[in-house]
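> Just passing along the structure, written as structure tokens.
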Amino acid sequence: MTDPEVIVVGAGVAGLSCATELALVGRKVQVWTDALPEHTTSRAAAAFWYPYRVDPVDRVIPWSQVSYERFGALAADAVLSRASGVIMREAWELFPEPVPAPPWSRFVDLFRELWPEELPEGYGHGVVFEAPVIEMPRYLPWMVAELGRMSVELVRRRLDSLDEALAAAPVVVNTTGLGARELVGDARLFGVRGQVLRRARGELDRVYIDEHGPHGITYIVPRSEDVILGGVADDDVEHTRVDEGQSEAILDRCARIEPTLRETQALGVNVGVRPCRDAVRLDQEEIGEGEQARLVVHDYGHGGAGVTLSWGCAAEVRDRVEAWLEAR
Ligand SMILES: Cc1cc2nc3c(=O)[nH]c(=O)nc-3n(C[C@H](O)[C@H](O)[C@H](O)COP(=O)(O)OP(=O)(O)OC[C@H]3O[C@@H](n4cnc5c(N)ncnc54)[C@H](O)[C@@H]3O)c2cc1C
């Protein structure tokens, strides 16, 4: 490849989405990354579309909407859906007592309140909507293959400073997740450990989410061949060892909602650490002037919603990069 115009640092869902958006508008892009996509936090994600544990709301909701539409388009095309592992599922979000409709209810499909007689035992309120489910073990390799078709290279390289990338391209996009804590010294980032179970899907085809109940965060996410059960949100815990006690507790909580889960075969456990921050960092820094001018766009700190925000943030990154390169 000739010299890149943009280097994206990081190959999780944020980096691959930014690289895609920039390649689609014709930019020469390289992705530099320490870990390959299959070894990132993104690979461990459940992953369903839901703006969980992430701020600020006024930016998160429009970003989520862009992603919702993009995932919806992938799911609507049978060939693309099979290749990318993105499907739409009916999702039930359950609450102990009535709450106002969330701000995203205005743009998701088929949003309505559940009837009292539909609610599982122990719940006082619920809503139903269509949610994209993104099967990460399929989705990430599909994204890498699509990038390859657009001649975007993935380069294995751990950076100690963004200057290494700035020496090779005028624009650098920083999508290093929790790695940004060291790379750019961002002390506002902190890890929140998650653990999910993988079991045989059986006949299950509905997503369940209980984020507010007294028993702790609970979700059931049926993918094409298996079902993901969660979850765990341990603030400031960053090890990735499996906790057997937590696995039992997750199964207990999920089986309260869907008792047939107890009979399904256990297939594995995934652990990952969410890159949390008081607010997502999506901003830019301009360095130097004239011929030597450089741009860094930061896109990290997506907490428990990195997949949900991926396309919305990538679109903003693309617009910022395009505006800067065109004004140059
Ligand atoms: C159990 C669990 C369940 C989840 N479920 C969902 C869900 O259902 N829906 C949802 O939207 N989100 C979910 N999330 C959150 C989501 O996984 C994250 O928000 C998202 O993966 C963050 O993506 P990222 O690309 O920013 O970071 P990462 O996936 O961590 O990628 C960071 C990349 O940067 C690279 N990097 C870091 N430092 C350097 C360096 N110095 N030099 C070079 N490269 C570097 C890494 O190698 C890696 O490639 C879940 C998370 C967990 C743990």
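Quick reminder: no glycine exception, Cβ is built from N, Cα and C everywhere.
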> If TrEMBL says TYR219, ARG274 bind D-dopa, which of GLY185, GLY301, GLY304, GLY312 does it name for the same site?
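It is GLY304, as the record lists it for that site.
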> Select one residue from GLY304, GLY306: among these binding-site residues, choose the one with the most other Cβ atoms within 10 Å of its Cβ.
GLY306
> Tell me, if you would, which residue among THR41, THR176 (binding-site residues) has the fewest other CB atoms within 10 Å in the structure shown?
THR41
> From the Cα of ARG274 (D-dopa binding site) across to the Cα of GLY306 (FAD binding site), what is the distance in angstrom?
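Answer for this pair: 9 Å between alpha carbons.
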> Do any of the binding-site residues THR176, TYR219, ARG274, GLY304, GLY306, THR308 touch ligand 1, in the sense that the CB is under 6 Å from one of its atoms?
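Checked binding-site residues vs ligand 1; flagged THR176, ARG274, GLY304, GLY306, THR308.
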> Just jot down the residues in the same chain as TYR219 (D-dopa binding site), at least 6 apart in sequence, with C-beta under 8 A of its C-beta; none if empty.
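Correct list: ALA46, PHE48, VAL207, TYR208, ILE209, ASP210, GLU211, ILE228, LEU229, GLY230, GLY231, CYS254.
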